[in-house]
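The structure appears below as structure tokens.
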Amino acid sequence: MAPARAGCCALLLLLLGLWVAEIPVSAKPKDMTSSQWLKTQHMQPSPQACNSAMNNINKYTEQCKDLNTFLHELFSSVATTCQTPNIACKNSRKNCHQSHGPMSLTMCELTSGKYPNCRYKEKHLNAPYIAACDPPQQGDPGYPLVPVHLDKVV
């Protein structure tokens, strides 16, 4: 009887571990719309050092995010990207849009540490980006479409 119980508990712990591992590091907080979360994660009109900027993001998940890109633009500028022609996203949805041209951005890549002591290296560049856009949700600005996901840097 005891070995069967031990096997059951081990299986339960394994399943629990797999379930916890599936929670994405960039999971959107429940009290934010997708657009608000994009603004929190990726909008930074005035560049900041990655180590301090990433602390503001990592506190939501209490994990070190591996990679993050900050766009040094106002939300209104990124929202105008949603007015460019639709293109396919990495996930094959057709709600992505490419920026009008290169934009100033910073890429932060995790180099070491465990939360809350995450350490990042930064890379500054000017490059176009692709963002996914959707109709606004309650609490979003009143644009016809709002950016909800930074799909990639081109």
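In case you wondered, yes, glycine gets a Cβ from its N, Cα and C as well.
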Of the cysteines CYS82, CYS96, which is paired with CYS89 in the disulfide recorded by Swiss-Prot?
CYS96
In Swiss-Prot, CYS82 sits in a disulfide bond; tell me which of CYS8, CYS9, CYS133 is on the other end.
CYS133
What does Swiss-Prot give as the disulfide partner of CYS64, choosing from CYS50, CYS108, CYS118?
CYS118
Nearest by CA distance to CYS89 (disulfide bond): which of the recorded positions is it, out of LYS65, ASP66, LEU67, ASN68, HIS149?
HIS149
Count the Cβ atoms, other than its own, that fall within 10 Å of the Cβ of HIS149 (active site, proton donor), considering every protein chain shown.
24
For LEU67, CYS89, CYS96, CYS133, listed as recorded positions, tell me which one has the smallest number of other Cβ atoms within 10 Å.
LEU67
